[in-house]
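Asker: The structure follows.
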Amino acid sequence: MDALSRYEPIVDDFEAFLSACERPLPPVVRVNTIKTTIERARRGLEAAGIELDPVEWHPGLFRLPEDQPGANWPYTHGWIHGQEEVSAVPATVLDPQPGERVWDATAAPGSKTTQLAALMDDRGLLVATDNNMGRLSALRSNTERLGVTNVAVTNEDARNHSLKPFGGEDYDRALVDVPCSCEGTIRKNPDTLEEWSLGHVEGIAGVQKGILSRAIQATREDGTVVYSTCTFAPEENEGVLDHVLDTENCRLVEFELPLEYQDGVIEWQDETFDSQVERAKRIYPHHNDTGGFFVAKLEVTG
Amino acid sequence: MSENVSHRFDRLPATEAERDVEGRPTREAVLTFWAERFGIDPETFAAYTFWERGNGKIWAFTGDLETPVDIEALGMSFMRTRQEHWKPTTEAVQRFGPRADRNVIHLDREAAERFLAGEDQQLEWDGDWGYLVVTHDIAGGPEPIGVGLYVHGELRSQIPKGRRRDFSGE
């Protein structure tokens with residue numbers, strides 16, 4: 001937990017924050033509307049004797065206080081997918097529409113990819129990229145079980161993503177849910193912070209800047225890019241946004257989020273970021289009793 | 001004639017007249033298979049393109065791209081051709097099987113559990129031998145689980161090893 005003490009100056013209620021970080025999280029499933037309806041999935045889970053609680057802000061999510069998501073008939077039919085509650089946020093902020101061209105820049109293992117496909121009603125083009133072959137095989141098994149047919153999977157470094165196989169045309173929207181130091185997953189993986197180092201945070205921030213830059217370049221003017229992490233470190237959040245606001249044609253936009261959150265921070269240690277980063281949202285574990293998360297919505301301006 | 005290239009996706013030719021790779025099935029033949037074997041209207045697949053990667057492995061993708069496409073995956077793995085009996089995948093049957101009205105075998109819960117666990121079982125079936133859509137009832141209606149091969153009075157589960165589950169002890 002020591003690594004978290006650096007966030008005391010920016011977290012609204014630091015005691016509540018620390019105590020939430022120590023509580024485990026219940027498993028959550030998302031209903032896959034490509035293959036069933038929310039109502040039928042609920043009936044299938046109840047018939048399997050699985051207790052479920054609704055999630056107020058998202059009708060397609062259920063908390064399973066007593067069970068794991070994988071060992072039941074609704075899972076077998078691809079009606080449900082285990083996904084941490086807060087990780088369902090960025091796809092809803094991106095809000096892709098049926099028929100659009102959408103890029104999931106760091107897609108594996110595919111929870112968000114399959115959620116994007118469902119939001120697109122499985123129509124249009126959804127390009128899912130990851131540089132790790134092993135994780136791509138997990139993504140493939142998820143897209144298959146969930147019955148996704150509008151996905152095209154590429155194995156490459158997102159920083160060098162090529163539009164060539166897809167006719168060279170820019171995307172309408174891109175999701176950039178980058179690899180990060182994962183501090184916000186501590187409730188699921190209590191060991192997360194054991195390997196923490198500032199060097200790692202700073203190193204991975206460089207990669208994040210590269211991926212977000214490529215996504216902005218590959219998205220059409222007036223198109224939307226959503227940037228998200230499951231970490232608290234401003235170096236990986238506002239710091240990355242500050243960088244692309246300076247180097248790429250984009251701006252940060254306001255958006256609604258039906259959850260409790262704090263605005264992005266403008267000042268961190270001895271740095272001051274572009275004031276637009278205030279439009280990003282920080283979700284702390286004590287706000288909604290979830291994992292921690294960071295999300296920002298960008299509009300491409302050229 | 002060109003050769004099949006195993007690592008990339010090539011769009012299926014619409015008809016025999018447009019085919020330039022030996023043995024590659026046509027879109028027409030794929031649609032005819034689903035219509036004749038399972039009664040699924042070809043209109044169901046109007047928005048889909050079909051692609052071959054590997055020998056006889058056919059993928060279904062909503063939308064279209066310039067052929068060939070050299071990427072990791074394109075849509076969903078859909079069926080196996082280039083063998084005597086064409087075989088749908090588990091994924092295709094789960095996704096499109098609800099529209100099937102023939103060669104569908106409906107199991108009770110106990111038989112469905114054995115099928116999902118990968119077991120072969122003796123069952124009465126008056127219809128054709130060969131690949132069947134296997135369904136059971138869940139949440140108020142029938143739902144396809146996967147593909148079974150019916151021969152000699154026996155339904156042989158074709159559920160891939162990684163997707164088998166044993167719920168019998170619960």
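The backbone N, Cα and C atoms fix where each Cβ goes, glycine too.
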Asker: Of the candidates A:Asp95, A:Asp157, A:Asp191, which one does TrEMBL list alongside A:Asp130, A:Asp177 as binding S-adenosyl-L-methionine?
Answerer: A:Asp157
Asker: Take every residue in the domain 'SAM-dependent MTase RsmB/NOP-type' (A:17-301), average their pLDDT values, and give the whole-number result.
Answerer: 96
Asker: Work out how many Å separate A:Asp177 (S-adenosyl-L-methionine binding site) and A:Cys230 (active site, nucleophile) at their Cα atoms, rounded off.
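Answerer: One finds 8 Å between the Cα atoms of these residues.
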Asker: Using the CB centroid of A:Asp130, A:Asp157, A:Asp177 as the S-adenosyl-L-methionine site centre, which other residues of the same chain sit with their CB within 8 A?
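Answerer: Counting only non-site residues, the set is A:Ala105, A:Thr106, A:Ala107, A:Ala108, A:Thr129, A:Asn131, A:Asn132, A:Ala158, A:Val178, A:Pro179, A:Ile211.
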Asker: Restricting to the same chain and to sequence separations of six or more, state which residues have a Cβ under 8 Å from that of A:Cys230 (active site, nucleophile).
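Answerer: Result: A:Val86, A:Ser87, A:Cys180, A:Cys182, A:Glu183, A:Gly184, A:Thr185, A:Gly291, A:Gly292, A:Phe293, A:Phe294.
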Asker: By Cβ count within 10 Å, point out the most packed of the binding-site residues listed: A:Asp130, A:Asp157.
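Answerer: Buried the deepest by this measure is A:Asp130.
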